[in-house]
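The structure appears right after this line, and notes come after that.
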Amino acid sequence: MSNKIIVALDYETEKEALQLVDQIDPSLCRLKVGKEMFTTLGTNFVKLLQDRDFDVFLDLKFHDIPNTVARAVRSAADLGVWMVDLHASGGLRMMEEAKKILEPYGKDAPILISVTVLTSMEDLDLLQIGINASPMEQVIRLAHLSQRAGLDGVVCSPQEVEILRQHLGKEFKLITPGIRPVGSEFGDQRRVMTPPAAIEAGSDYLVIGRPITQAANPAEVLRSINASIANLIA
């Protein structure tokens, strides 16, 4: 069983999402629910996915005052999600409080990760918001801060994986969007890589959306991706 693939559900309706979900095997992937779907469909949709035996990554990228983020993370834990994220740019105290509030959940706590630099952002984008650093420099800075706060990992582009492993060690989880099988379009992700290359670079989990969700045969594409990385994770 492969647990490396996280399928990003980016649909406008529950019906469309479930049509995809009911075609794929929960033993071959996990599912990511982002802002659009969660805002539209709420916790009931997450429960529908869990009822189908899928682990859910609740990708809401919390970013607010520490108390508010901590309470939101606790709500995610109560929902039983597998993974939840927040913005590292919210600061050390925000991340520490979010991690602390999960202590009573023990082994049932969700994996808590941070978003460092969005994969759509380049040097100019950072400069325009007052950050005079390259995406790589900012990723490293915020990843170190996340580890210091006790978080379990970070979201990062595949090209950043190798250097983050050097800085943060083998146990810190690296979750990588910007994954495109050979032949796929890049879309709005600027820093991309194929699944085998990402695994070889050291990624723990690969977030893949449209190459699977917009495929004529999503189940076959998912099986093909898993087959392409099977010998790398055995």
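Just so it is clear, glycine is given a Cβ too, placed from its N, Cα and C backbone atoms.
Neighbour density for K61 (active site, proton donor): within 10 A of its CB lie 17 other CB atoms from the protein chains shown. Swiss-Prot lists K61 with the feature active site, proton donor, giving sequence analysis as the kind of evidence.
Annotation comment: Swiss-Prot describes D10, K32, 59-68, T119, R180, Q189, 209-210 as substrate binding site. According to DSSP, H63 (substrate binding site) sits in a coil region rather than a helix or strand. Long-range Cβ neighbours of H63 (substrate binding site) (same chain, at least 6 residues apart, Cβ-Cβ under 8 Å): V69, L86, H87, S89, G90, M94.
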Can you give me the Cα-Cα distance between T119 (substrate binding site) and K61 (active site, proton donor) in Å, rounded to a whole number?
14
Could you list the residues of the same chain, at least six apart in sequence, whose Cβ is under 8 A from the Cβ of D10 (substrate binding site)?
G34, E36, M37, G209, R210, T213
